[in-house]
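Visitor: Copying in the features that TrEMBL gives for the protein in this structure:
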COMPBIAS  33-44  compositional bias 'Low complexity'
COMPBIAS  58-73  compositional bias 'Acidic residues'
COMPBIAS  74-84  compositional bias 'Basic and acidic residues'
DOMAIN    132-390  domain 'BOP1 N-terminal'
REGION    1-102  region 'Disordered'
REPEAT    397-438  repeat 'WD'
REPEAT    647-677  repeat 'WD'
REPEAT    709-734  repeat 'WD'
């Protein structure tokens, strides 16, 4: 090939229209094609060959490959011929003036002509250069020779070296048509800057020149023409006179009737009238096809098979069922022949009811709505975008010998209290899962709650018909001592008042075990919960009547029953975090009471069979309820008394629900042994609904006695969750 000969021996005078000029180089005058005393038959067929090694032309035929091979073989001969020619020119001396004149006369007059739209250095034309990506050349010259690509393209390293060496690299651009680097002048750079700033390209253009009004809106004093009015404008027209006479004649003959007043009687549209197919309503298909009846089976036969005939027990059961609950509206019977089949007793009544339906029912139009099923699915964010939330099991707290019904975390998040059916209350260290203390209480602990006030170290546990106030004696000794001083500073009143509960001091042996006070009730206690400030606690008793809910005040050791009558069996109660509200959840409803005004504020209807648990959002505007029919109901108190969302993620009954005090998380524990953590973002904008997204299903508890997770609680500061199960363990998920 031609690329094996080294540098090309192309002379710039061989092809006049294919001169490659640098941007800052002026065109040189060409040599005349006629030389004085030299042979002008120098072959320039190989003058346009370029250096391109290692690539082949995929689009060339065999003849072109043969020609390229011949050119490559005669490369040395061409080089020698060029050297001999140059020596002959040197010996011949300067060209004669006559030859120069002839060359000037025969020079093409359009040789120096150029165009702004087309670059004469590359004759590819206005075609995309991407067409030549798979070829070794980028076009053809005027003689039909290929213009080959350079040997090696510039990579990022070459560009970096040029950037460091060349001070004008920032104003150098590459021409895609020729592959050359062009250096922009100061005027071109200023033009680019003006266009980038959104200005006009011309420097002298003023976009704020005052506009010139070519037409004025002033009223002219004199008319356009001063021509006098025509005479016919004062004389009646004969044509108009003829038109008026025709109209009068038509009115006399009765052809034109005057307008009549509109009839004020209303018109009614007959639904059963024959419709005009050309009318507006006739273009719509008003026909509603009748529903297709099921084909008769063997049960409708007068001689059914024996297996279709009901027994005497099935016949009695069918008779006692409601008509809407029966699978068949008749009893299959067997007859010897079709002639012995009696007539249907309700034939006339059913036909009459059918006629009434046809006569009284209005016709309806069914419009089919084409909806994409994907549009009905809400666009929820990905769980990875809603982090942090607990994803895996970190620690297991083992020590209880029976199922763990309840648990509670200290306000600082360092300690954990749990109550079990083995008759003990255990205090754990959260970080190490070590049991720090075990307090035997002698009965089943149904509920436990740590005082939310960080300055008071107390744990309330519900055992039997009493509420035990324990001082765990963990952590700061000053805090433990100040709690005991607060309890010992109480002075009983001189005249004791009648209260629904009795406050008893603990004995010396019980004080060594951690017990400080015992609040005795008349009925078993099922739940105990603290107010946010830590001075009040509410308990729920398993009794019927208005004394199901009691509120105790720790500082004054007083107990009171806030309700005069009962609205059903109370399941759980909760204090509002910011307002003086008490939320009471019964089996079918949740009531919100204002404690200061002593009135009912709102009644929520969860639409559940049996409410099991209740939790209030830290902001106080939203609550969640869990039910034994595997539903989790979200209420927006500012929106409605009906549920905002009903989540059915669990397969079995829900035992506990909880909100995180800091992160937008809420969780639910169920008898299926799983804890489902959901993202619940509540916005300050009242026009934006809360965002509820389930993010993680946590499993680890084993089912025991058909019970799974019995209680859940979040860590006060970290995105961790604790769960207690029927397998006697407590698990921490982080």
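Each position is counted from 1, following the chain as shown.
Cβ from N, Cα, C; glycine included.
So where do these features actually land, and what's packed around them?
Guide: Taken together, the residues in the repeat 'WD' (397-438) have a mean pLDDT of 90 on the 0 to 100 scale.
DSSP labels the residues of the repeat 'WD' (647-677) in these numbers: 0 helix, 17 strand, 14 coil.
Secondary structure of the repeat 'WD' (709-734) per DSSP, as helix, strand and coil residue counts: 0 helix, 16 strand, 10 coil.
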Visitor: Count up the helix, strand and coil residues in the repeat 'WD' (397-438) according to DSSP, in that order.
Guide: 0 helix, 25 strand, 17 coil
Visitor: If we skip the immediate neighbours and take only residues 6+ beyond the ends of the repeat 'WD' (647-677), which ones have a Cβ under 8 Å from one of its Cβ atoms?
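Guide: Result: 388-390, 612-618, 624-634, 692, 694-703, 706-714, 716-717, 719, 721, 723, 725, 733.
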